[in-house]
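Q: Sharing a structure with you now.
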């Protein structure tokens, strides 16, 4: 048995021979069932012996009937689609349909084929058969079941695959199909095996590719893929849409896919890929799987109760593949949509002005090619006591073509409680009309209804309202509005049969534009250059006329107007036409005849007949264009050569074509069409049509309302849809006496004070998608109800943010400041259009701005930070920076590139505090060592003076010679050099003489406020000569270094000593004086650049040679320095050397003896490499 209801899906019953089925009718929402009726294939059931209704209402179906004249007699009577209808006092409900079928098994429509394969190759057999239920297919070899080995792969779709074929596999194969009806055997197919041959190791090939398959949900499906190569290829499966293959898919035989129970999510394109091992060679094969699904109700309507004259809405949504269509039943009968009861495109059912007759059961039925599904809801109409009775004696009188006066009388009962009336009307003809209503005050019993269509029938009725609710509807009355002049002219076509005539044809205006019965037409025509218009009138039944006595090869313009009993309407646009040339009729085709155009909203259907000389034509050329309102028809050329004046064309058509449709046109626009016939010589004369496409159906505008404004919608809710759109939804107010025709939505950014930026939208539905908003912006919304000619107040404000998006602009005001040679300070401001909360800032920098972004260095900072330091840069380098911002959605654009130059490197930048401290400590330790050496040198000098053989007059003469003007022989100079060498460790010849040594002499000279004696200066010049030869290089490094202060004081004292000695003891040789001075000068010299020293000496030598006298007379050296200064200098030298025996003379003219000075020397021999 099978139970039928409305909520369950489609039912299918397969009867086996001698089987019985009982169908139960169980429609649970029905209360107090009165009776149950059955339908077969949509018609009432005719009961028979094997097909009858049981006492409990169930249906008995048997397949045991026997008939002599039919092989399957029961099928003619028992098979079919069955449904039941349950009746009660409140209404009726229809069940879903149950399909009853008998089991069958067809013959094989594909038999297996014999084949020969090589050993170790692949074999494949296939057989196909259909049956109900689906048969099970098995395979036999030599009348025995195929071996249960992995090499033998049996697929549910009737395919046998044999891999790695062996010699023992040879034999006869056939398939066996079995179901409840019977068993069938296919013909045999012989498999032959070529022994010893090896399969060719060529390219990989797919032997059996998957096929496009369509199945019903729940059925099994096989996607076959069989590939061959040597070695055996590797086969894999993927989905073309990138989704993973479902986990419930089974792999058969390593290469085939089996879906045991297919579902809609399995639908898609599957790709089989076969790869040849150890190579990149592969082949693919794809097939689409489509899984069909029976309808199912995803949102069922709900049972509701409504008061009379209110509105009921049933919502129903369904799913399935293909997508199901929805229709509605009331008490088991189909509902036709009209003005009061309307089925919306979404599938919802809306009932306005509910009356008692609307109570009952409503069923939403969803159907597709696989079956149906349904859902049931009950509507209860509540009627209160004390309501007024229906208004009486409703009448209507047509006052004009657009106005009707409706009047009525007050109700007979409870009329004193009436607070107002509502007048309802709609077109009387049609199934999809809109019902309108007026709200009328209590003291009014008549109303003029305006803005109606001329010559149209309307139906009117009235409802009375009290505080308790609405009355029953009054009786309806139908009235026809008066005629009016036609609102549109006929659309005409022009053609010529001879050079002296124009044939004018037209189509009557459609009824909705004629505004009455057409009684006559008027045709106006004249030449293009003349102003005198000729008019001809014809009867209302005519559709063509020929204008005679025209001039050949002239352009005429023609128009037409239609008339009703109320007069002529507006004429058509002027249409031009050129008559044929009288001298050129042999080769030029005439214009096509009977050109007619059926104008639709977005298309023009053009029909015509061949011209008179149609035997000469080769085909037709069609042109068309849209005519703008500003264009003058007088300037439009009509010759066939002026093709460039047409928007589209030529569209070439064959000779036998007599009809063509122009599509994708705009509604309500004026178009001009030209059709010409052509032959192998030239184009013929044109047939021209001009007219408008149908207007798009406009939203009906309701007449004004003489009642209070409607209430605002309730349950207004805003939901973010995207970063630029928000869904706004609401519900109709619970009670209103005014028909709400649409709603106005007001919205603006939150807190906006500028009224010019407030936007208004109109919606006829109870929701609207508002787009074009700014990302992550807070908006406020309000909705008002719009009645018939009156608008209600806006409701409460709701607020909503749009979703965030990527920033539209980069961070602004990017500023860069170098901090040091290795760091840059970066400042920025947030983006102008962040489109969300900035979660991160991206900083890109590089020294090369031509590189792509992925080669730049990336730094990220949190979204609440607006400055940072970038370290690790190179000094004196130009860097390029750009920035971006990031929200939770993603990153926005980068800013323009800005550059900054890092600072140059300084010593303070190179040395940190630790390095500087180390250098200072090292220098101080070095100076202490130098002072210690100097003191030790002085002590050693005193000890040498006390030793015998070291007297100034001793052999070797190892002391400085006193200054003297007495000349000495050449040997003295040599001896002088020898003595200097004995006191100092020799230096290598390439040792440099520091520049500081020369500069210190000049500095000392300035300190003692005098100039050295000329012989000293001259000797300074000569030192360079000695330095080049012998001992001067040794002097450069023979003494220890002193500190900077010590250098100045020591040199001052030495120079002073030299001057005093020179004054009292003239040197025996000028060279002796020179050497003595230079020795004391070098005592405190430090290592300097030798090249700069030589340059300085050269310049001084040149200067001195020009002014130097040959002899320096005694007593010419002036010493202006004070005695105290000299004494202080000498004392400082003694203190520095630590020698108590060396005392500065009190007399300013006295000086140290050279022998004493000569004993002052450094023992730092490791720093003075010997020459030897």
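Residue 1 is the first one shown; counting continues down the chain.
Every residue, even glycine, has its Cβ placed from backbone N, Cα and C.
On a predicted model such as this, the values are computed, not experimentally measured, just so you know.
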Q: Looking at 893-915, 916-938, 939-961, 962-984, which one is transmembrane segment according to TrEMBL?
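A: It is 916-938 that TrEMBL describes as transmembrane segment.
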Q: Helix, strand, coil: count each for the residues of the domain 'Ig-like' (199-284), based on DSSP.
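A: Across the domain 'Ig-like' (199-284), the residues distribute as 3 helix, 38 strand, 45 coil.
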Q: Sequence gap of 6 or more, Cβ distance under 8 Å, 3 or more pairs: do the domain 'Fibronectin type-III' (486-582) and the domain 'Fibronectin type-III' (588-699) meet that?
A: yes
Q: Limited to the domain 'Fibronectin type-III' (588-699), I'd like the whole-number average of pLDDT.
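A: Computed over the domain 'Fibronectin type-III' (588-699), the mean pLDDT is 77 on the 0 to 100 scale.
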Q: Using DSSP, how many residues in the domain 'Ig-like' (295-380) fall into helix, strand and coil?
A: 3 helix, 50 strand, 33 coil
Q: Count up the helix, strand and coil residues in the domain 'Fibronectin type-III' (390-484) according to DSSP, in that order.
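A: Final tally across the stretch: 3 helix, 49 strand, 43 coil.
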